[in-house]
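Trainee: Pasting the feature list from Swiss-Prot:
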DOMAIN    34-179  domain 'FAS1'
CARBOHYD  ASN36  N-linked glycosylation site
CARBOHYD  ASN68  N-linked glycosylation site
CARBOHYD  ASN141  N-linked glycosylation site
CARBOHYD  ASN150  N-linked glycosylation site
LIPID     SER219  GPI-anchor amidated serine
REGION    193-222  region 'Disordered'
SIGNAL    1-24  signal peptide
Amino acid sequence: MATSRTFIFSNLFIFFLVIATTYGQAPAPGPSGPTNITAILEKAGQFTLFIRLLKSTQASDQINTQLNSSSSNGLTVFAPTDNAFNSLKSGTLNSLSDQQKVQLVQFHVLPTLITMPQFQTVSNPLRTQAGDGQNGKFPLNITSSGNQVNITTGVVSATVANSVYSDKQLAVYQVDQVLLPLAMFGSSVAPAPAPEKGGSVSKGSASGGDDGGDSTDSSDAERTGFGFGIRITTVAAIAASSSLWI
């Protein structure tokens with residue numbers, strides 16, 4: 001009997017000890033920290049140059065703030081690979097002002113979350129954080145056929161290679177070209193205007209040349225007339241001298 005009671009009390013002691021230990025433990029760690037665009041790209045790899053641009057323009061901080069805001073509608077980011085940046089003409093980025101670099105990054109960000117299937121039903125041009133495409137400065141058009149999504153900007157055409165990351169707030173897609181907006185790069189790809197026939201391209205210089213030509217011609221005329229007068233005077237003097245001898 002005593003042995004049975006001892007066994008029961010021992011079990012009760014162990015039971016309460018386990019409960020006390022369980023409730024006394026620190027809570028399990030919560031989910032990972034807030035969404036961080038650069039951390040996502042670093043984990044994916046091959047986006048070093050885009051990450052550098054995000055950080056130098058502080059666009060990464062703005063994106064992270066928007067993603068973790070309760071009023072956010074989500075974001076869509078088109079991330080060019082390092083190969084895409086390396087294929088740019090030398091000095092392309094260095095020729096941009098700080099404000100233009102910010103706009104270039106913003107042109108790669110849509111202010112809403114768009115999943116891959118939704119690309120088939122979007123209305124063009126899409127609005128980016130750089131501005132409204134309706135004004136013709138930052139147009140971004142999407143065409144989708146099956147699993148292939150193509151992007152055109154009026155300057156370059158790019159293809160969405162794959163989905164890098166997606167959740168309820170953010171979608172990141174890998175693109176094979178840097179998306180160059182028309183507002184900043186349109187003139188660099190537009191063909192040079194062909195010269196008009198008849199030399200009308202240099203009308204301004206031609207009119208200027210006419211003025212210059214008139215003054216030159218009049219000077220020549222003056223010089224020619226002056227020389228002609230000297231020759232006449234000389235001939236007359238010789239004739240007069242001859243008549244005296246005769």
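Using N, Cα and C of the backbone, Cβ positions are placed for all residues, glycine too.
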Trainee: For ASN68 (N-linked glycosylation site), which of the listed glycosylation sites (ASN36, ASN141, ASN150) have their CA atom within 10 A of its CA?
Mentor: ASN36
Trainee: Using DSSP and collapsing to three states, where does ASN141 (N-linked glycosylation site) fall: helix, strand or coil?
Mentor: strand
Trainee: Sorry to bug you, but what's the C-alpha spacing from ASN141 (N-linked glycosylation site) to ASN150 (N-linked glycosylation site), rounded to the closest Å?
Mentor: 8
Trainee: Tally the residues of the domain 'FAS1' (34-179) by DSSP class, grouping H, G and I as helix, E and B as strand, and everything else as coil.
Mentor: 47 helix, 36 strand, 63 coil
Trainee: About how far apart, in whole Å, are the alpha carbons (Cα) of ASN141 (N-linked glycosylation site) and ASN36 (N-linked glycosylation site)?
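Mentor: Answer for this pair: 27 Å between alpha carbons.
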Trainee: Once near-sequence residues are set aside, which residues in the chain of ASN36 (N-linked glycosylation site), 6 or more away, have Cβ atoms under 8 Å from its Cβ?
Mentor: SER60, ASN64
Trainee: Including all protein chains shown, what's the count of other C-beta atoms within 10 A of the C-beta of ASN68 (N-linked glycosylation site)?
Mentor: 13
